[in-house]
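Asker: One structure coming up, written as structure tokens, with questions to follow.
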Amino acid sequence: MPVLLFCFLVLFCAVGVESGGRTLLGARDHRYKDGDHVPLFANKVGPFHNPSETYQYYDMPFCAPTDVKHKSEDLGEVLEGDRMVTTLYNVTFKTNKTSERLCSVKLNPKAISKFKTAVEQDYYFQMFFDDLPLWGFIGKIPEEKRYLLFTHVHFDVKYNEDRVIEISVSTDPNQAVDITTEKDLEVEFTYSTKWESTETAFEHRMEKYQKYSFLPQHLEIHWFSIINSCVTVLLLTGFLATILMRVLKNDFIKYTNEDEEDPEETGWKYIHGDVFRFPPYPNIFSAVIGSGTQLLVLVFFIFGLSLVGVFYPYNRGALNTACLVIYALTAGISGYVSAHLYRQMGGESWVRNLLLTGSLFSGPLFLVFCFNNTVAIAYRSTAALPFGTIVIIAIIWALVTFPLTVLGGIAGKNNKSEFYAPCRTNKYPREIPALPWYRNTIPQMCMAGFLPFSAIYIELYYIFASVWGHKIYTIYSILFIVFIILIIVTAFITVALTYFQLAIEDHDWWWRSVFCGGSTGFFIYGYCYYYYYVRSDMTGLMQTSFFFGYMGCVCYGFFLMLGSVGYRASLVFVRHIYRAIKCE
């Protein structure tokens, strides 16, 4: 117990305390008097179409204070690539400013070339004003093919009594400098502020970001399309369920009322002595089921937090922190499920099983991270994690995740319950008859993954536009309903294919149920290619490696999670049908 308390203390100290994702100022710090300085932090800049490719604000030759101070970030914000620094903007509470000089900068050809590249790639900047996010573009290229650098920034601020409620930023095209010619140029940067009163309460100031995206544009959810997709899937599953139940009913009648003149068993009853024979590679199999079960619990926890309002728009640091913490704290689930199943299968390599379970998902994720972080370091991007953050994550894994996996494994190993099999397993396995090509694993996976994917593909665009773009997704209730439908459809289609497999006397259903259940992950990864090349404007090595690398890990996680769902659904079904007949 002291060890566990120490682990939780390390985890708490490493992650920090967050409120809604971003480390908020205290309640008193959000109140100001007339003329008080309101903190304005610059965060990052980057190409608008490459959301992962972000750089520190002062990597661009902007006006910088002589002593730039960095705002402390928690772990979730660092994972998000936030690097907030102080600025020269002196925005005071309720003080209107028409045109305030920020600074004058003499740009050499190298600095102008950097600005031209930024304008050409639609660079944006992000700032935080009293913990409220704001964005703006660095410049633009008009029809005359000239490069214009915005030199004036205007802040519209709304307040309610002594609190800031809303802020927006705009740039004036009439106050822009032509930087088409790369020569020495003196540029003066200015800003202005306008304060207006509003009746919006401080507690509701984040609701604005739930309706608009970066530009902002209203995020429209196609309700009709979602309902139509759900109804279609439910009708298909209902139709297949009706057929399957009628076939099973006929099978039960046939097998319980056999004529004495025709005692030969056929169909799925014929292989009752082999259907509960444990699969090959039980170590890997149990690790897959354990890891998939942990990820399923993780997803439900994340949905629970989102439904109660823990996450709010444009503060994904909370989501990063929640995923890291919950994954660490649920590691005992994977260890218990894997070790218990492995013991039931007669396994004895406990150390290998625990090591495999602990690294089955985190191992590939670590390799992808190493590659992507190396690319980000080469780009000098803020997406590259500092060495200290990497050490903190390693400590969390070493002192929390892995110990809990071991403790869960010990508990699973000491659980003496045996595997329940309604039928006795024969000593020697029956030979599986020759199967047509469409009965093989890959064609079956294609059929199994298509129906669940059709239940979620509409939502995928909005999720991708939020994670890999600047739109937001806040309708978590619909996403949760779609996820539940995904689980139900995956379970049902896997059960149906398992029945068809047993009906042709193929008793090797264990691994097949995992592959068929998890095949939706391959469809999602295929959609990634469609989204990247057709629906988005992402380019470059860094953005490509981040997108396909981390989406590969997400789809691999879906494979493990839905594979465990398919296996458990098939196991319940197989036990049910063989318990209903007499097996000698």
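Each residue, glycine too, has its Cβ placed from N, Cα and C.
I grabbed these lines from TrEMBL:
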- 1-19: signal peptide (SIGNAL)
- 221-244: transmembrane segment (TRANSMEM)
- 295-312: transmembrane segment (TRANSMEM)
- 318-342: transmembrane segment (TRANSMEM)
- 354-379: transmembrane segment (TRANSMEM)
- 385-407: transmembrane segment (TRANSMEM)
- 448-469: transmembrane segment (TRANSMEM)
- 475-497: transmembrane segment (TRANSMEM)
- 509-533: transmembrane segment (TRANSMEM)
- 545-567: transmembrane segment (TRANSMEM)
Asker: So what's near the transmembrane segment (354-379) in sequence-distant terms, Cβ-Cβ under 8 Å and 6+ beyond its ends?
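Answerer: For the transmembrane segment (354-379), the sequence-distant neighbours (Cβ-Cβ under 8 Å, at least 6 residues beyond its ends) are 53, 283-284, 286-288, 290-291, 295, 331, 334-335, 338-339, 385, 390, 397, 401-402, 405-406, 409, 541-542, 545-546, 549-550, 552-553, 556-557, 560.
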Asker: At a threshold of under 8 Å on Cβ distances, which of 295-312, 385-407, 448-469, 509-533 pairs most often with the transmembrane segment (318-342)?
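Answerer: Going through each listed stretch, the top one turns out to be 385-407.
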Asker: Give the one range among 385-407, 448-469, 509-533, 545-567 whose Cβ atoms make the most pairs under 8 Å with those of the transmembrane segment (295-312).
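Answerer: Most contacts with the transmembrane segment (295-312): 545-567.
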Asker: Are there residues at least 6 beyond the ends of the transmembrane segment (509-533) whose Cβ is under 8 Å from a Cβ of it, and what are they?
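Answerer: Tertiary neighbours of the transmembrane segment (509-533) are 275, 278-280, 285, 288-289, 292, 441, 444-446, 448-450, 452-453, 456-457, 460-461, 464, 468, 486, 490-491, 493-494, 497-498, 501-502, 544, 547-548, 551-552, 554-567, 569-571, 574.
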Asker: With the transmembrane segment (545-567) as the reference, which stretch in 385-407, 448-469, 475-497 has the largest tally of C-beta pairs below 8 Å?
Answerer: 475-497
Asker: Do any residues, 6 or more residues outside the transmembrane segment (448-469), come within under 8 Å Cβ-to-Cβ of it, and if so which ones?
Answerer: 51-52, 219, 221-222, 225-226, 229-230, 232-233, 236-237, 478-479, 482-483, 485-486, 489-490, 493-494, 497, 516-517, 519-524, 527, 531, 535-536, 538, 547, 562, 566
